[in-house]
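My questions will all concern the structure given below.
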Amino acid sequence: MIKNENPILVIKPSAQDHRPPIGSGGGEPKIFGNGASSRRRKELADQTDKTFKFFKSEFERWSDLPAVAKVTLKEEALAKSHRPTSLFTKSTCPIIGTMGFGEILISATPKGLNELKKRILTANAQKTTANISTIEKIEPFTENERLHKHNWTELNNKIQDNRIKLSVFDHQNDAQNQKLKIALFALAEEYSITLEKLAYGSNENLYVAKTEDLNAKKALGNFIGLRSVLPMPYYQPLDILSPMNILSKADPTTFPMPEHNKEYPIVGIIDSGICPNNSLLSPWIIARETYVPIGEEDYQHGTMVAGLVVNSRALNHNDGRFPTSQAKIVDVNIFPKDGNISETELVSTIEEIIPKYPDVKVWNLSLGASNPVSETDFSDFACFLDEMHDQYQCLFVIASGNQSNRSCWPTMSNSIFTKENRLSSPADSIRGLTVGSLAHKETALTLVRNEEVSPFSRIGPGPCFIPKPEITHYGGNNCPNGNYTQTGVISLGPNDTLCESIGTSFATPIVSSLAAEIYHFLAKNKTEVVTPEMVKALLIHSALVSNSQKVSSDNLNYYGFGRPQDITDTLYCDPHTITLFFNVDVRHGGFEFEKVPFPMASCLLTPQGKFKGEILMTLVYSPLTNKGFASEYCRTNVDVGMGSYDLKKKNAPEFHSLVPATPDDISERYEAAQIEHGFKWSPVKAYYKKFPRGVGVDTWRLKMKVMRRAEEDKPDHAQNATLVLTIRALDDKLPVYNETFQELRKLGWVVQPIDNHLRLRP
């Protein structure tokens, strides 16, 4: 049977799929140890007093401004149900954000701190007492936190053009926020600081200050209204070694023209521009935009990226590991010769370009900063891209970044530099699809072997331990001295040259081309809207299903979930497998999404009725977000389970999922708190289980549920989630696809082929 006769099946949810959960609610508030004893209350009251005294001079100077204090919770008390929301209220010091895991930020005024102290000493209500017992310490938010634990000597070495980016606290009170901003401008005037408001989408709290004076910088670092005072980030195209190796002249046999009357996908490329003298690429370009002055252009990087979007397989000796996908291009030239522009310029360009091309649903970003992302805080640029994704329903495909410091190579095995080798902004975008680089060739002298992570490829995890990069593709290999002759990726260069180079920059456009092809095919064949989450889920699932090595805590941060396959392998099934596609609105509150009974092909059942096979699932969703909550930026969490109820507990039967999140050995790498409050809140999740001996289940159920962070109110809309689920036989001769399809029809499930019966041409 030809593979493209077995398309992924789209399952349409029915009204009966949303049902109240079985089980009981929460119990009584928990008191942790002796955390609410008289002695402990006095210690916390004294800490509150010290916090007030620390801010006393600031309160006297800025009498109507709130400060911010940091509350550290006990590690065992980090769960949502233990959050001390009864203690930190509008009448005391309300919670306005978080920092790292278990670090709460509270809005602190003289009156609020005094009331908080009283409540700590005298409150006897069970919930408030329990809240008090969760607290480890209370302390002021200081310059140390604003500078992200750097000192001014360190920061001055990183500041370019005397530009410092400021983030103002959001006290979730418009009047207070406005007073903070007025005071900031007054402070700037006092120290002759040039101050300008920044526009990053809907973020109203960012400013850029320009000053050389160290006293002025220290005044900013100590201003109670600021959350962060850091160098303005600068970005560049992600190439490691320049110039690229020119191999020869390209010609139409290497790089054919687009076919007449064929409709192609489109990829937007924001880069250093495509050489206007490249006659082979010009027919593929549908629009050009430039933000670089005449004479300042350097087309090398952008041209090479574009060639890989259009024709990566043909350029690379028809290597079957490269996809056949092709796309036309919107060319946006933003990087000049020196390849360095500020974050504000980059954000401004993207904000202008994206709405100008609403039909472009995939944008390639082979760019990045030179420093790694924070362990707990998502970058402003990444959060801006998340917002653009939501507003314009487009997918940003982003390079994980290159480590240019050779002493850190190879990034995958150089454990001394794990922190330095982490991915760079904006690869921490939770809505974006982040791409790492693989080696596709090797020599006796290269640093890594074929199919291993490229020596220079920046690694995960992202902030808060979310899986990044999600996928990998080919970006080349190199020797310790940086030489990559015959181990790089081949593409077009300026003036119709054929060039070789290395970098995550060149793995990324291969994935962008794949993403655009999938989007284009689905949009053409589906009646409903195709979302970026659908495309992202299909690509990640393609990588997961085809991955020859099991995803583990040892390889997730380097390889992601694997390398996605060509469109045929992504959208169609082998006869011994079946893949189901769900796009579900998971309701908040008293309902869960549940498909029951979930059918299993009879050929997968042993004579004893046990299921014998593999189950793989990929879940992608776009959670509510709030930048002010840093490590808790993702405000909603969706989880999926495949299993049955444990009916032994008569009063409160529990659902038991038999397919765990992958990697299932994650506890060997991260602490429990990091998993519970970081990794588990990732908006991309994969699940895998192999049952070689069979497992007995009376009634299989597929369940999805959503939960919110402690301070998050119930939204007025459901949480959309995309799930791709594969059931695979261990024996490739079993007719799983046909049998499961028949079982679905018997149950009356509404099923539609993902290609809507318009088969993809082989």
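Glycine is no exception: its Cβ is also placed from the backbone N, Cα and C atoms.
From a predicted model like this one, the values you see are computed outputs, not experimental measurements.
The region 'Disordered' annotation in TrEMBL covers 1-43. Here TrEMBL flags 265-562 as domain 'Peptidase S8/S53'. What TrEMBL records for D271, H301, S505 is active site, charge relay system.
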Taking all residues of the domain 'Peptidase S8/S53' (265-562) together, what is their mean pLDDT?
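Averaged over the domain 'Peptidase S8/S53' (265-562), the predicted model reaches a pLDDT of 96.
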Which is it, of D271, H301, S505: the one of these active-site residues whose Cβ has the most other Cβ atoms within 10 Å?
S505
Between the Cα atoms of S505 (active site, charge relay system) and D271 (active site, charge relay system), what distance do you get, rounded to the nearest Å?
10
From the DSSP assignment alone, can you count helix, strand and coil residues within the region 'Disordered' (1-43)?
12 helix, 7 strand, 24 coil
Tell me the Cα distance separating D271 (active site, charge relay system) from H301 (active site, charge relay system), rounded to the nearest angstrom.
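With distance taken Cα to Cα, D271 (active site, charge relay system) is 7 Å from H301 (active site, charge relay system).
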